[in-house]
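J.: Pasting a structure below so you can have a look.
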């Protein structure tokens, strides 16, 4: 069967992972994930695999296959895995967990290669575009930079004593945003110091929501004209902010419960969101309208993954 050009997957608390035709809204494949809920989904850069993060394992499934079983399972975490992502060439995977650790995995082997201790439940991990630094945020409000070359923590920030829920880095490495449980986004300019270490220069503090922010995400490289920050919240809305001045561009309303996750299309024109109302939605950001509702889960949908770019490391 031919590889779909757009891969959209959702998962959550009903112990299934679903694949959708993005345009029609049809679910064409359902995978069982019997061991736990699924907390996070990520598609490999080459579109071959989908990583599903649960409690306490990560499972890797073939995207374009009738095989309903995981092809490999990564089992070294001891609590909910909250974050998972891939190096740009798909050479290795990183993860963060409520067990307080960040781990790096060689995809071909089930055991982890490296482990970093955050000393508090890790809620979010992102890979800097330079591919040599991981940035993590934890339940105690710590943000840490893990230098993969030096194999150590190179920087530590505590913007305030509240859980850091989500981190996002601009595709060119120029900005990092941290969203917390108070509805605040902290924005820093990332400056390269005299060493290779990244310096955080405070740029903006944005009171984006009056309740929890569950996900913040900066728009991708090929976003036309504008650079956006999306924030999803327990207030049931998604807000789209213009990064130039952090003015509110749009509020997306329609979800009936908490909005847990979001992902931009490769051109930044559309956004997919996942919500406790058991649906995912596709939004046209030029109008703010939900143009597709993905219905099929029967419990909270807390994560979504979209890969509509070219295959491979170039995307």
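FYI, residue positions are counted from 1 along the chain as it appears here.
Here the Cβ of each residue, glycine as well, is placed from N, Cα and C on the backbone.
Not my notes, these are from TrEMBL:
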| type | residues | note |
| --- | --- | --- |
| REPEAT | 1-30 | repeat 'WD' |
| REPEAT | 74-108 | repeat 'WD' |
| REPEAT | 115-156 | repeat 'WD' |
| REPEAT | 206-251 | repeat 'WD' |
| REPEAT | 252-293 | repeat 'WD' |
J.: Taking the repeat 'WD' (252-293) as the first stretch and the repeat 'WD' (74-108) as the second, find out whether 3 or more Cβ pairs fall under 8 Å, excluding pairs closer than 6 in sequence.
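T.: Counting Cβ pairs under 8 Å (6 or more apart in sequence), the repeat 'WD' (252-293) does not reach the repeat 'WD' (74-108), since there are fewer than 3.
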J.: Going through 1-30, 115-156, 206-251 one by one, which has the most CB pairs that fall under 8 Å from the repeat 'WD' (74-108)?
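T.: Between the stretches 1-30, 115-156, 206-251, 115-156 has the largest tally.
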J.: Per DSSP, what is the helix/strand/coil residue tally across the repeat 'WD' (206-251)?
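T.: Each residue of the repeat 'WD' (206-251) counted once, the result is 0 helix, 24 strand, 22 coil.
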